[in-house]
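Listed in TrEMBL:
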type	residues	note
DOMAIN	89-246	domain 'Sodium/calcium exchanger membrane region'
DOMAIN	278-414	domain 'Sodium/calcium exchanger membrane region'
TRANSMEM	151-177	transmembrane segment
TRANSMEM	189-208	transmembrane segment
TRANSMEM	228-248	transmembrane segment
TRANSMEM	269-291	transmembrane segment
TRANSMEM	311-334	transmembrane segment
TRANSMEM	341-367	transmembrane segment
TRANSMEM	373-394	transmembrane segment
TRANSMEM	401-421	transmembrane segment
Amino acid sequence: MEVMENGGGANMKGLLNKEMRHGRTAHNMSSSSLRKKSDLTLVSKISCGPLKDMLVNIQEVVLGTKLSILFPAVPIAIVAQCYGFGRPWVFALSLLGLTPLAERLSFLTEQIACYTGPTVGGLMNATCGNSTELIIAIFALSHNNIALVKYSLLGSVISNLLLVLGTSLFCGGLVNLRQEQKYDRRQADMNLLMLFVALHCHLLPMLFHYAGASEGVTAESSLQLSRAASIIMVIAYFAYLVFQLWTHRTLFEDHDQNEEEGDSDSDEAVIGFWSGCVWLVGITVIIAVLSEYVVETIQDASNSWGISVSFLSIILLPIVGNAAEHAGAIIFAFKNKLDISLGVCLGSATQISMFVVPLCVIVAWILGIQMDLTFNLLETGSLALAIITTAFTLQDGTSHYMKGLVLFLCYIIIGACFFVQRTSSDQINASSIMLKSAREEVFRA
């Protein structure tokens, strides 16, 4: 492992920093707000080169975040699982462990992007921003727990649109009461347009349950439509990446250039390319292990705590799993940089709805699992209301604390709805069956 040398010259260093900033997304800029500069005074006194490099990497990766206090939850969760401790405790510890790991995954992706250039780096940042949700979804699919996949991804979208965005606008509005907060509507409009495309792809398969002639024909038609729509959504998302990273890149960059010169230090690579790759693989493996624990123990946690699986999946998982990213969005709102906050919230919601969800449908198709885009009426209605409310909130290009408060209260209402819904994972389709029976009775009448 090697640390990046500092002797490349001031001009080359400045060029590298400038190019790297072009490859960064709001997701990475948000996560960087929780990073802290490591003190390498003691490590620099070590004469052994390999040992010194290893300690530098450990200090930068493990201790280079304000969330490092949560890292002990990772080994404790593994020990608890291996020695058969209470499964609800394994679930809670795994969630806590995923919080700093998700932020470190974003950090390592950005470190590797330093060496790959702005285009490849931006592509990596745009496609790996929600890796934690994707890994959890893949493990849930491997356990044939389709309900958990749908619930967790739906919760991530709703959380980004209402909770994170609402809290950001509310806190930013209170701190900046005496000045008008503005943002670039063009970026927000593009993300909202993509979210409406995703909503269409969720609504149409669900309508087959009301328009179909029989249950068998309806299920088959909905599945085929979902798979076709998923392919179209993935194509649309890659077209969106071309739009974001190449043709209209300036729309998605922070236009506030009044930063201090010292802030550019955060853009420098602090670990080597191959070191970053090794750490990236290692942390991805650990995230995969904890994700499997979450999938295996969520039902036990639900039974032990008396909380429905839908609430744990839609409300708790997204809050804990994306805590670092969400905190960063709020911090930038405090600094009156709403373009970055909007980029975090809307960009993450777009990536999940237009890439992660359809990718899960395609992966399930390959594995022979019949997963479609059909959510129950309550979940689809919640998604539609979240997107529509957010679109109306962001239509004028300005913000104040009242807008944030309204979005936050809408999230509280949705959270309360799923809290009182006592639906276990094996009863997920009960409501849809009741709706079908009611529809058939109406037709017979």
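Just so it is clear, glycine is given a Cβ too, placed from its N, Cα and C backbone atoms.
By the Cβ criterion (under 8 Å, sequence separation of 6 or more), the transmembrane segment (311-334) is not in contact with the transmembrane segment (269-291), since fewer than 3 such pairs are found.
Sequence-distant neighbours of the transmembrane segment (373-394) (same chain, 6+ residues past either end, Cβ-Cβ under 8 Å): 150-151, 154, 157-158, 161-162, 165, 169, 183, 185, 188, 192, 195-196, 199, 201-203, 205-206, 208-209, 222, 225-226, 229-230, 314, 342, 346, 357-358, 361, 403, 406-407, 410, 414, 417, 421, 428-429, 431-432, 435. Look at the domain 'Sodium/calcium exchanger membrane region' (278-414): DSSP puts its residues at 113 helix, 2 strand, 22 coil.
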